[in-house]
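Here's the structure, in structure tokens; my notes come after.
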């Protein structure tokens, strides 16, 4: 059972599920626990299914990388065929429940989130281009927009702008992690940004992108979450992230980049919590 739970990548998908909940609560202006429960269930199944499919599709990559070599498929804990069946069953259930329980528009965003991660990122671009993360990041937009559509019944400019807080955070976060494990990715033949453009250029790009994503989140907070509590929460997280980014840009060492990764990781969570409290 533990091996199958690992396939869901709980440390990854919980943030996407939180994004869907934040979109719903903000748009609805309150909580209908029946709707929220249905949203969380559909999001859990769809994101978990896409994560499990990623485990199946990338089992050869995982086996070649030290960081991922102890995952269930490389370790032989789950047969590939069973992992595939498990992933497709979860995915189908999540998308179906999205349409049946949430409605056409939220359901479409649930399906789009699955598609961008499982197909665009995992199947199409992961092994082909460093743009993989930029394209796959639209899964983050989709989960937020799905929740927002459920809460308000439609999508507006505020929804789109706020969804890009998730999108912009994703590449800075993933590329910071990829910087630490760049030799793993190079050995596995995966064209992540630090592998493609080199270490020094990668430090500049990732640090600047991290500052830009944090600045964007701060701007959204000023525009849409003008409460003192929201401003204080985001200010604390943003300050730490910007300071660590500047430190990484100056030092340009693996240790400094790892500090930036750790410091910036909570920023999106803080923002999404602030969205729910608005």
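Including glycine, each Cβ sits where the backbone N, Cα and C put it.
Small disclaimer: the values here were computed from a predicted structure and weren't measured.
If you look up Swiss-Prot, you'll see 12-32, 33-53, 78-100, 105-124, 130-150, 157-177, 202-224, 228-250, 257-277 marked as transmembrane segment, on the strength of sequence analysis.
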Considering only the recorded stretches 12-32, 33-53, 105-124, 228-250, 257-277, state which has the highest number of Cβ pairs under 8 Å to the transmembrane segment (157-177).
257-277
Could you pull out which residues elsewhere in the chain have a CB under 8 Å from any CB of the transmembrane segment (228-250), counting only those six or more residues past its ends?
203-204, 206-208, 210-211, 214-215, 217-218, 221-222, 256-257, 259-260, 262-264, 266-267, 270-271, 273-274, 277-278
Remote residues contacting the transmembrane segment (33-53) - C-beta distance under 8 A, at least 6 residues beyond either end:
7-9, 12-13, 16-17, 20-21, 24-25, 83-84, 86-95, 97-98, 101-102, 106-107, 110-111, 113-114, 117-118, 122, 139, 143, 146-147, 150-151
